[in-house]
Amino acid sequence: MPWLPRAALLWDVVLGFLGTAAFLIDLGADLWAAGQYVLSGRYLWAALVLALLGLASVALQLFSWVWLRADPAGLHAPQPPGRYLALLHLLQLGYLYRASIPHLPRCVQGLQQGLLVWQQEAPSEFDLAYADFLTLDISMLRLFETFLETTPQLTLVLAIVLQSGRAEPYQWVGICTSFMGISWALLDYHRALRTCLPTRSRLGLGSSVFYFLWNLLLLWPRVLAVALFSALFPHYVALHFLGLWLVLLLWVWLQGTDFMPDSCSEWLYRATVATILYFSWFNVAEGRTRGRATIHLLFLLSDSVLMVVTWLTHVTWLPSGIPLQMLLPASGICFLLGLALRLVYYCWLHPSCRWEPDQVDGAQDVCSLEGRRLPHNRRLTHLARNFFPRVRDEAALPQKGEENGVL
């Protein structure tokens with residue numbers, strides 16, 4: 001693992017702090033909205049907000065617990081007793097707490113480890129590897145939280161605004177913080193995958209902007225379509241989600257995922273991925289993904305168009321004052337622009353690399369170097385192998401766009 005400049009290390013720490021702050025702000029906005037719904041007598045809306053928070057939190061605790069149990073012994077030394085860890089996860093504090101340092105928030109531990117590395121003149125290989133190990137798990141959990149809680153809550157808030165015909169200040173805050181959280185989680189996940197590349201190429205401004213924009217521009221029309229359908233048919237949206245989710249879950253299973261340490265927890269991962277695929281693309285299998293991505297895009301596009309057509313036939317059911325005549329064309333433009341940026345990214349900014357077997361498929365999460373055991377996050381490396389394709393020959397080894405400095 002090559003030594004990184006101190007400026008780059010500091011930038012990683014700053015990004016980690018901003019990501020943690022975005023998570024806490026979004027959580028505060030959700031609790032504020034739930035409280036306002038209770039005070040205004042909208043108990044169902046408050047219950048839905050809290051239910052989404054609770055379900056997402058339970059899923060994150062399960063992921064955190066399974067990963068901690070699967071990590072090699074001694075990796076998080078000193079490690080508190082197992083009962084202490086179980087109690088933390090039972091209290092829904094597993095995401096915010098890390099096993100190796102009792103009473104220290106999990107995200108804060110990642111920041112502390114990053115600051116420790118930055119303060120060292122010549123950080124050791126172990127410190128760099130362990131900092132990466134922590135931040136990669138946090139990035140993955142943050143992405144899961146985004147699509148299990150933030151994105152559904154954004155859809156719920158938009159549906160409530162469409163039904164009521166107006167937006168309260170706390171709802172505007174919730175919409176803004178949701179978009180901020182979704183955007184940050186997508187960008188942070190992209191950064192995490194880049195650190196798993198064998199060449200460890202840093203995430204440049206060009207690819208960051210394009211990756212961030214095409215995901216956000218394609219996500220917005222999907223969220224709006226689901227929100228419109230939810231506002232018109234609130235009793236049927238759950239059936240719609242369940243039907244598509246089962247189809248997507250079957251599709252994920254057929255791709256033969258192997259992400260979690262055991263078969264039971266693998267189904268938790270597949271269920272989470274199916275939820276992500278309901279809103280956005282997520283690659284879970286190795287190989288040429290162009291065909292799978294195209295099928296998924298056409299599937300979501302057809303479903304969104306059907307929901308919009310349904311709205312057009314029942315437009316009088318919604319209150320006046322909502323500028324849907326502007327929102328629908330704008331969402332169509334967002335989709336086309338996002339699709340164009342996605343093509344640009346994958347044609348010119350998406351790197352290819354040569355994966356070595358020991359760098360990808362290692363059975364252990366700890367590698368050995370000069371007699372010292374180095375943490376190696378096999379989970380994110382496995383996803384990076386799916387996301388970044390192998391090169392076909394030696395002539396293709398240089399990364400696309402590297403000569404122009406856009407990576």
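Every residue, even glycine, has its Cβ placed from backbone N, Cα and C.
Residues annotated as transmembrane segment in TrEMBL: 7-25 (among others).
Per TrEMBL, the feature transmembrane segment maps to 45-68 (among others).
If you look up TrEMBL, you'll see 170-189 (among others) marked as transmembrane segment.
Non-local neighbours of the transmembrane segment (209-229) in the same chain are 151, 154-156, 158-159, 162, 179, 182-183, 186-187, 190, 236-237, 240, 279-281, 300, 303-305, 307-308, 310-311, 324, 327-328, 331-332, 334-335, 337-339, 341-342, 344-345, 349; each lies 6+ residues outside the stretch with a CB under 8 Å from one of its CB atoms. Residues or ranges marked as transmembrane segment by TrEMBL: 209-229 (among others).
Annotated transmembrane segment per TrEMBL: 236-255 (among others), in sequence order.
Within the chain, the transmembrane segment (267-285) has long-range Cβ neighbours (under 8 A, six or more residues past its boundaries) at 59, 62-63, 66, 143-144, 147-148, 151, 215, 218-219, 222-223, 226, 241, 244-245, 248-249, 251-253, 255-257, 259-260, 292-293, 296-297, 383, 386-387. Taken from TrEMBL, the feature transmembrane segment covers 267-285 (among others).
The transmembrane segment annotation in TrEMBL covers 297-318 (among others).
Summarising the annotation, TrEMBL assigns transmembrane segment to 324-345 (among others).
For the transmembrane segment (297-318), same-chain residues at least 6 beyond its ends with a Cβ under 8 Å from one of its own Cβ atoms are 162-163, 165, 221-222, 225-226, 228-229, 231-233, 244, 281, 324, 328, 335, 339. Residues 226, 229-230, 270-271, 273-275, 277-278, 284-285, 292, 303 of the same chain, all 6+ positions outside the transmembrane segment (236-255), place their C-beta atoms under 8 angstroms from a C-beta of that stretch.
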